[in-house]
Every structure is written in structure tokens, then in C-alpha cells.
Amino acid sequence: MPPFLLSWLLDLVPSLLVVTVTAFVLPPRTLFDWHPLLVVVGGMLIMPWAIRALDRDMSWMTHKQRASKIQWHWILQLAGTVCIALGATAVFMNKNFYGKPHFATWHGLMGLITVVFAILVTCAGFGIHWKFWPIGRLVNYGTARATHMYFGLGSILLGGVTTGLGLCSHWFNRQISSRVGERAVLGVTILFFVFALFPALRIMLQVFRIRFRQPAAKPNQF
């Protein structure tokens, strides 16, 4: 498969997951409904496209200047981080309301790690972009950029795994079984779990292409 088609496939397939989950919860009827809506839109749609904006070879903003791409990157990244943070807050408040324990499942624990990690990566990105990161005297700018890039990939991977674990929940199983029957629940869950990992695969290809191509940018550009 040509790299261009593979890239767009990895971009578009997760949209099926986003559309499916969104259809389950719109319009939101309970506080919990905001949790899957916000985290899937923020983690599966907005944040991956924030990184996609920086891909010089296959960017959705190919004809934009580098500065414009960076601006869109941090705007989308901030929006995605806010979405998943609000989604986590919604489920936290919902559990408090019903007296349920917090972080009692792998999905809940990984969700906490993912939200904290995404916030730290986003804050680090702002620090690197405006050059006020606290370790500036210890780590040069190029190293900071590369580290931020790999941690961004880690953030997307954590989001994919966390989303996949969420698809194994009773809530998602009920939604699927009520629409396509109990026999299809396992197959649909596995399929969507794989879809949830596609953004990480897409960003992985982007990162590897950047790291192994011949350098074409000055060290002080981001």
C-alpha cells in the first residue's frame, strides 16, 4: 500500500470509533455520557490531528507556513487535553454521586495516567515553544524537541490503550448488544480496540520518518 494511502487509512479509520461512541451518547442525558464523548473526541480525534498538523510530508496543512502549523498544533493539542481532562472530571463526579470507588479498574487507572501524562506533555510543549522550560540550561533545544516528540507519541499510545480498555467496559458492551446482538459484542469490541490504536501507529510512522530522514531544518526551528 502506498505510504500516502496508509497514512490516510490510519487517520480516517479511528473516525468510525469516534462516530460510533458519539452516536451512543448524543444528546447527553447523564453526567456519565459526557465522559466517553469528551475523551473519545479529545483523545481519538483532536490530539492526533494536532500532531498530524506538524507532518511536513503528509500534513493536512501542506501549504501553510511552519509557524502556522505550529500554532494549529498547540491550539488543537490544548483543546484535546482540555477535552480529556473534562471527560475525566465528568466520570470522577459521576462516581462521587453514586458512591462508586475511583480507579478500581485498569481503564480507570490508565485513564488517570493518560490524563496526567497528556497535561505534562502539553505544558512541556508550551515551555519548549516559548523557550521557558526549567531545564533549558541542562538540555539543549534540539534534545528537548526530540524528547517532546517521543513523549507526544507516548501520550497518543496511552490514549489508545486507555480507550481500548474502555471499550471492554459493561457500558460499551450494553450499547453494542442492544444494537447488533450479544453474539457480535466480542468481535465489535476487538475491532474497535484495534481502531483505537491506529492513531498511535499513524504518529509512530510520522515520528520515525522525521528521525531517520536527512535533517532539513535548523536546530532552532520547531
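Cβ atoms are placed via backbone N, Cα and C, with glycine included.
Residues or ranges marked as domain 'Cytochrome b561' in TrEMBL: 1-202. Mean pLDDT for the domain 'Cytochrome b561' (1-202) in this predicted model: 90.
Nonlocal intrachain contacts for the transmembrane segment (33-51), taken as residues 6+ away from its ends with a CB within less than 8 angstroms of a stretch CB, comprise 11, 14-15, 17-18, 21-22, 24-26, 60, 72-77, 79-84, 86-88, 90-91, 94, 111, 114, 118, 152, 155-156, 159-160, 162-163, 166, 171, 196, 199, 202-203, 206. Per TrEMBL, transmembrane segment is recorded for 33-51 (among others).
Annotated transmembrane segment per TrEMBL: 72-93 (among others), in sequence order. Cβ atoms under 8 Å from those of the transmembrane segment (72-93) belong to residues 31-32, 34-39, 41-43, 45-47, 49-51, 53-54, 61, 64, 102, 111-112, 114-115, 118-119, 122, 125-126, 129, 159 of the same chain, restricted to positions at least 6 beyond its ends.
A Cβ distance under 8 Å defines the sequence-distant neighbours of the transmembrane segment (105-128), meaning residues of its chain 6+ beyond its ends; these are 39, 43, 47, 74, 77-78, 80-81, 84-85, 88, 91, 134, 141, 144-145, 148, 151-152, 154-155, 158-159, 161-162, 165-166, 168-169, 222. Residues or ranges marked as transmembrane segment by TrEMBL: 105-128 (among others).
Summarising the annotation, TrEMBL assigns transmembrane segment to 149-172 (among others).
Residues or ranges marked as transmembrane segment in TrEMBL: 184-205 (among others). Panel annotation: around the transmembrane segment (184-205), residues 3, 6-7, 10-11, 13-14, 16-17, 20, 44, 47-48, 51-52, 152-153, 156-157, 159-161, 163-164, 167-168, 172-173, 176-177 of the same chain, lying at least six beyond its termini, place a Cβ under 8 Å from a Cβ of the stretch.
Residues 17, 32, 36, 39-40, 43-44, 47-48, 51, 84, 105-107, 110-111, 113-114, 117-118, 121, 124-125, 189, 192-193, 196-200, 203-204, 207, 210 of the same chain lie 6+ residues outside the transmembrane segment (149-172) yet bring a C-beta within less than 8 angstroms of a C-beta in it.
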